[in-house]
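According to TrEMBL, the feature domain 'HTH cro/C1-type' maps to 13-67.
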Amino acid sequence: MKRINNKAVGRRIKERRMELGYTQEQLSELCGISTSYLGHIERGARTISVNMLYTLSEVLNMSTDEILFDSFTTDDSLLVHVSAVLEKCDDEKKKQFFYNSVKTLASQIDEL
C-alpha cells in the first residue's frame, strides 16, 4: 500500500500551479478555498480532503494519482498532459521531440 506524503503532495500542487502561471490567490479562488488553506496544503501542513483533491485535479488538469503519488493512471490523463504541452509546438518541433524521445528511451531500455 502506498503512503501519502503530504509535503510531496503540496510540492506537486505548487509546482503545477506555478507551471500554469497561477498565483496562490488565483488558484484558491478557482478552488473555492482561502489562500491560507492553499498555503497549508502546499507546505504539507494539511491533508486534503477527497473533495479538494478532486477539485484540484480538475483545476490543475492533473490526475489524482499524479497529485498523490506523482504517477499517472492508465486512463487518458497522460495523453491529455502531453497534448497540452505539445499544442504550443509546431509540427517540425513535435517530430524532432518524438524522434529524440524514442532515441533516448531506446538507449536506456536495458536499464528499466
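Cβ coordinates are placed from backbone N, Cα and C, and glycine is handled just like the others.
Please treat TrEMBL annotations as automatic predictions, because they have not gone through curation.
Here the domain 'HTH cro/C1-type' (13-67) returns a mean pLDDT of 95 for the predicted model.
Using DSSP to sort the residues of the domain 'HTH cro/C1-type' (13-67) gives these counts of helix, strand and coil: 39 helix, 0 strand, 16 coil.
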